[in-house]
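The repeat 'PPR' annotation in TrEMBL covers 223-257, 258-292, 293-327, 328-362, 363-397, 398-432, 434-468, 469-503. Summarising the annotation, TrEMBL assigns domain 'Smr' to 617-700.
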Amino acid sequence: MASPLTVSNVHCNLTVPVPNSSEVPKYPTFFTKSSRQSLRKFTISCNSSKFPSNLDEPQKTPSLAEQLEPLYDNVLPDKPKYQAELLPKPSKSTWVNPARPKPSVLSLQRQKRPTFNYNPQIRDLKLFARKLNECDSISEEAFVSLLEETPHPISRDNALLMLNSLKPWEKTFLYFNWIKTQNLFPMETVFYNVTMKSLRFGRQFELIEDLANEMIDNGIELDNITYSTIISCAKRCNLFDKAVEWFERMYKTGLMPDEVTYSVVLDVYAKTGKVGEVMSLYERGRASGWTPDHMAFSVLCKVFGEAGDYDGIRFVLHEMRSLGVKPNVVVYNTLLEALGKAGKPGLARSLFEEMVESGVTPNEKTLTVLVKVYGKARWSREALELWEQMKSKGWPMDFILYNTLLSMCADVGLEEEAERLFEDMKHSEYCRPDIFSYTAMLNIYSSGGKVDRAMELFEEMSEMDVELNVMGCTCLIQCLGKSKRIDDLVRVFEASIARGIKPDDRLCGCLLSVVSLCDNMEDANRVLGCLERANPRLVAFINTMTGEGTSFDTLKKEFKAILSDAQSDSRRPFCNCLIDICRNRNLQEKAHELLYLGTIFGLYPGLYKKTAGEWSLDVRSLSVGAAHTAFEEWMWSLSNIVERREELPEVFSAYTGAGTHKFSQGLGSALASRLEKLASPFRLREDKAGCFAATRDEMVSWVQSWKPSA
């Protein structure tokens, strides 16, 4: 019989090769593994009395913090973005079994509002309420003294009439408290409801909650109107947790919410991103026989629209049609916005046509949403046709709609159309150009290289006392930098600072881009002087980066600090511009190090991809200099693979993007010129825009003759 298992002592030393943590490979490990390795000793030990105890003590196990330190060094801090996940949606309308209905979760009857008898004193009381409303900056004592002049004795109906007539919430609250001190009649629920509604207009949730607790303490009933007012005020004040708390308290008291309260709570859950609760509440309400109102359907549209969920949008449309609910303008607006976020401009256009044919007149929000959808899809012709349709049918237009059209023109490069729109605004009686209108025009002229016209517009803004914003300043400085008008650039920057502009990361990135474009150090230093006033730490890093003797570890530490301070959408442009500066100053090794750091910091996801049949390089998010650096890095890795005779795919591809924008910077043409200079086998594919491809045999032959520089 075998002896029972006993715990034995095993003590041995293993020497295994591991990457040296002090040496970071200068090239991405997409194709190759770093050959720089060092030897490190690991000890495995177990204790037992069967073995002598005079062996070497085991090495100390590293702490969790020490094990996670390498990961921390390669991760940039960022604010988490909450993205709600949708639950599976029913493909058909919710069916209710009449034989076995589920327990009801809401009352199908709305709360009945109290009726009032005709009051012959209504005229005098309304005139007195108007007099009180017109008294501005009045103290509480003075207001109470005025109440003594009430033209008629205070009865229950007179008090309710006065509460409804006082518009500023402060005066309504003062009058309510004064009524309580008179002790003329019992304070009923309706008095609290009217006062709470006035406080809701002023977003005074704390006062409303105090009144609700006062009602509970005094034994006054809270009805559906009370709870609906409390919940909707909490929603307006963005106190969503409070809204949910009062909704749950409502159920605990045994009071069933009516459809108004139910729709408000649906919106609260949607705003908190609790999509599962939204769908659960909706389905439970439908199972109780509830016919959702327009607000409820609008909430569902928002939920699915935020997620870009086209199937969910179709579900909402199907539900409305099956219930015979005709969308109003609010629901149409929400549906159009949802279809735009789902990337369905064609369906948005069809829905808009259906809306007009059904007799629903679009408002400013409708047209603004549709223009945004067309602009996002680059449907410039459809957007301009919509504009002509607006003018011919006399549909309402406001500042936001005009500025949205101008922004769309800027995005797609429609300069002449934008100028006509801008002139229309100047001659409009109600929609005169504002700061956003001027900023859009500055963007158009700057993108098109119309420097003189942009400067004229800048001077016009000063004459018209139009406040300059940081976006307009950024567009103008970018235009001047591309035109090499450094004197004007410095003057505009100084004037902008004097007018109260606070530079942000976009403006700093723009100045950094101009530095990379400067042909001589004198101009570069002048622009760096402006950048130093905006971001001195960034200029200090440039000096460290371009200085001699800067180690890779120092570069990594300082670069991570710069990126950590920057906004997420500015980090990659910073890295691109810094790489361009290094290449312009013939600091090729620093350029490759920055590209490597940008890769490990997650700035270039999808830069290198590898499948069984294709290896690709995607440089669409890179600047010209960064794209050249990435291509050299790719070829360096490929040359090592060819030397090792490893298996290669049939096709190699480099993607630069089609560059269809009128003002695109021509990354494809720049890379094509570079490939031609290197005599590479990459050729532009006719069937796929912005894609350069080469076969395996061509690449092997060329790489063997290509000698990458250090």
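Heads up, the Cβ atoms here are built off N, Cα and C, so glycines get one too.
From a predicted model like this one, the values you see are computed outputs, not experimental measurements.
Taking H, G and I as helix, E and B as strand and the rest as coil, DSSP gives the repeat 'PPR' (434-468) the counts 26 helix, 0 strand, 9 coil. When pLDDT is averaged over the repeat 'PPR' (258-292), the result is 84.
Listed as Cβ neighbours of the repeat 'PPR' (398-432) (distance under 8 Å, sequence separation of 6 or more from its ends, same chain) are residues 364, 367-368, 371-372, 374-375, 378, 380, 383-384, 387, 440-441, 443-445, 447-448, 450, 661-663. Outside the repeat 'PPR' (363-397), and at least 6 residues removed from its termini, the chain residues within Cβ reach (under 8 Å) are 329, 332-333, 336-337, 339-340, 343, 345, 348-349, 352, 355, 404-405, 407-409, 411-412, 414, 417, 421, 431, 660. In terms of DSSP helix, strand and coil, the repeat 'PPR' (258-292) has 26 helix, 0 strand, 9 coil. Secondary structure of the repeat 'PPR' (363-397), assigned with DSSP and counted as helix (H, G, I), strand (E, B) and coil, comes to 27 helix, 0 strand, 8 coil.
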